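According to TrEMBL, the features are:
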BINDING   G93, K94, V95, Q96, D97, Y130  NAD(+) binding site
BINDING   D170, H253, H270  glycerol binding site
DOMAIN    7-153  domain 'Alcohol dehydrogenase iron-type/glycerol dehydrogenase GldA'
Amino acid sequence: MLDIRTPEQYINEVGSIKKAGEYIGKYGKNALIIASAKALATVSDDIFLSLKENSISYEVIQFTGYPTLAKANAYSEIAKNTNISVVIAIGGGKVQDVSKATGDLARLPVIAIPTIAATCASWAAVSIIYNDEGDFEQVHLNRFTPRLIIADPEIILNAPERYIKAGIVDTFAKWYETIPGITGKDDALPLQISVNGAKIALDLLNEKGLKAVEDSRKGVISKEGIDTIDAIIYLAGFVGSFVGERAFAGFAHPFYHASRRIPSTRHILHGELVSYGLITQLILEGKQEQEIFEVIRKFDQFDVAFTLEDIGLAEDSKNKLTIIAERILKEFPGYTKLGFGTTVEEIVAGLYKADEYVRKYRSA
């Protein structure tokens, strides 16, 4: 069996936020807006005017903290009790995740309006759920992806560049984490589709990612910038849209989820932790030193080649890395199907080795 979960429409036009009401009105006329204060301030003038022009009423929930199941349940009850017909998510990954879960629980369509491109959360059908403190709790499987994504490049490319850099590396991960599952012997078609989609994103970002960052720094909305947003949101999202009987995941995302157990990592962005996990994965796979250094060099171009100290794991490192390794093996058993990093000792050694490689690169 193959489940395919994709949005119905993806809009990536400059100024599309000004037409948001026109697009959203097809899905409902009574909206629940879930947004962080900063994200809402970025778009409020345009979106509120557009909703009014299209006779869409709305209520606003200001999101703070982490996307918990309790919040999603509470928001869904508000939606049910106020005759809400559509949920609008305005913000980054945490807002997108709690909004998708809210829509799923309330059986309502979700409209995603990302204000940063740090992950593919605005496309993905899943919601990453945390506890109140910020530790990873579960992957919530939503019935649908957001029905519509409005990814206005003018908004996204004006966000702090740290976010798009993290998004670029998170998209690189789609390649590095799917390719180990390819054996060349009766590989599942969904996996082949995902790997080929990941390769397109990888090649595009290798070619255009740096230019996109440089242009956005200058306030220029270039073709490279728009293509980079597309790679992070819809190409990376596409990779996860095909779910068959055989699914593979690499080390980097289990490392991200497991590391959230350690409070000192919680100020690090998703893609930034994933980058450390990717370097570690290459080490666990037994890749040649030259290849590992080439990946570190590429990550360093986006300022995401990190040491243990950079990601909050240097102090009491042996204990913290052991906790992470044990959690990976316990909570992400599917990862071990790939055949590398299958013991706590191997994983801890790999995490230390990644730190060593980055320090060696910096001192060269």
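Every residue, even glycine, has its Cβ placed from backbone N, Cα and C.
Features per TrEMBL, on structure.
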residue	record	contacts (Cβ under 8 Å, 6+ apart)
G93	NAD(+) binding site	A118, T119, A121, I128, H270
K94	NAD(+) binding site	S36, F63, Y66, P67
V95	NAD(+) binding site	I34, A35, S36, A39, F63, P67, A89
Q96	NAD(+) binding site	A89, A112, P114, A121, S122, S127, P146
D97	NAD(+) binding site	P67, A121, S127, I128, I129, H140
Y130	NAD(+) binding site	Y66, P67, T68, F136, E137, R260
D170	glycerol binding site	A118, T119, C120, I232, A236, H270, G271, V274
H253	glycerol binding site	A173, E177, V274, G277
Counts by DSSP class (helix H/G/I, strand E/B, coil) across the domain 'Alcohol dehydrogenase iron-type/glycerol dehydrogenase GldA' (7-153): 54 helix, 40 strand, 53 coil
8 Å Cβ shell about D170, H253, H270 centroid, glycerol site members excluded: T119, A173, A252, Y256, G271, L273, V274
Output field, NAD(+) shell: CB within 8 Å of site CB centroid, site G93, K94, V95, Q96, D97, Y130 dropped: Y66, P67, G91, G92, V98, S99, A121, S127, I128
Farthest-apart CA atoms of D170, H253, H270, residues recorded for glycerol, distance in Å: 9
H270 (glycerol binding site): tally of other CB atoms within 10 A of its CB: 24
